[in-house]
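Pulled from TrEMBL:
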type	residues	note
DOMAIN	112-402	domain 'Sugar phosphate transporter'
TRANSMEM	114-131	transmembrane segment
TRANSMEM	143-163	transmembrane segment
TRANSMEM	175-198	transmembrane segment
TRANSMEM	229-247	transmembrane segment
TRANSMEM	254-273	transmembrane segment
TRANSMEM	289-308	transmembrane segment
TRANSMEM	328-344	transmembrane segment
Amino acid sequence: MLSSNVVSSSSPLTFSKPNPHFFMHASSHVKPNLLTRFQTHHRPTPLQSSKLSFTPTSQIQLSIPKLRSFNRFLPPPFEPSPRPTHQIVKAASEPNPGGENVTPTAPKSKNLKLALVFGLWYFQNIVFNIYNKKVLNIFPFPWLLASFQLFVGSIWMLVLWSSKLQPCPKISKPFIVALLGPALFHTIGHISACVSFSKVAVSFTHVIKSAEPVFSVMFSSVLGDRYPIQVWLSILPIVLGCSLAAVTEVSFNVQGLWCALISNVGFVLRNIYSKKSLQNFKEVDGLNLYGWITILSFLYLFPVAVFVEGSQWIPGYYKAIEAIGKPSTFYIWVLLSGVFYHLYNQSSYQALDEISPLSFSVGNTMKRVVVIVSTVLVFRNPVRPLNGLGSAIAILGTFLYSQATSKKKEKKIEGEKSS
């Protein structure tokens, strides 16, 4: 059978050679008065007659306006021919120039995954801070506890690699040499934070640690980076808030303050040094990189821990057991601090892989707020109004810094693309 198909841009119709078995019919929900109105006000045209005459191709364009007028009164759905209707609709409402009907993926699953990652990240961080502080309250030996936490992380990564749950990166001598610097600064940052936790309240340590962007801008500027005025202005409330919180802190301790500041320096230098020394090893993902840094940090820290406080561990252990009553409770607290220390760092790397750096910075800022509030509620630390105000100002400054630096990174990326 010969057929001629003419498809308008708004609704598809197919006209074929006269056939006594062919009927044009509408769906039951189309109102009859529309057809009646059309028949009353419009005279029959060659397109509306029961017989369709073929015209040359050059004259097809003359019939298209009439087809559009006809389609205006007959909204879909129509079944004008035995031909499958889903093919006609597909051709008329093409979503992309390639001719394929692509179904948009629902973002619900992705949002659910991100919510799960952030929830685990926050929960694991809260659990770590709580049990870390509980252990330090009865067993004030942060060097041993920090070493144990790195040891647990090292065992965790070795299990993941041996069971092939996490692909093990290829290890070479240049890679290990490149990791020595970042692992050293990571060790300094971790042990300094742990010492600070043992001397002052957890909330105070986290307020001081929110000043990490200040050291990042200072060290990066010394090394040649340039920052816009918005970034420099954003660190002013951080300095002001941390100063106000330190002056009004009930549990203030000079050693705790200095160790928190040294922890900031250690982690900032770790980040800066990692960018410079690991440029040739970009194939190693964040989790594997953190795993090897953990192993090297344990090898750095444990011998020093034995030298610094090793002679006090056994007497301190008996005092801790006497204070807590049950040895099993003490063991569980120590184990939880080690496991959740590694887990929250692992979740942070997974979150960084899923979201943009700006969203990660905002999430990290909110994480500190959640941890501060949670530890204040658990340990019932007294908080003065000015201390709370200083903490809020410091956290706000951290948020403004993340906003300003993200714009700097976007401009840098746009400049690289344009060049």
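Glycine residues also receive a Cβ, built from the backbone N, Cα and C atoms like all the rest.
What TrEMBL says about a protein is an automatic prediction, not a curated fact.
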Interface-richest range of 143-163, 175-198, 229-247, 254-273, 328-344 toward the transmembrane segment (114-131), CB pairs under 8 Å: 328-344
Cβ pairs under 8 Å between the transmembrane segment (143-163) and the transmembrane segment (328-344), at least three: yes
Surrounding residues of the transmembrane segment (229-247) on its own chain - C-beta under 8 Å, 6+ positions past either end: 204, 207-208, 210-211, 213-214, 217, 257, 386-387, 389-398, 400-401, 403-405, 407-408
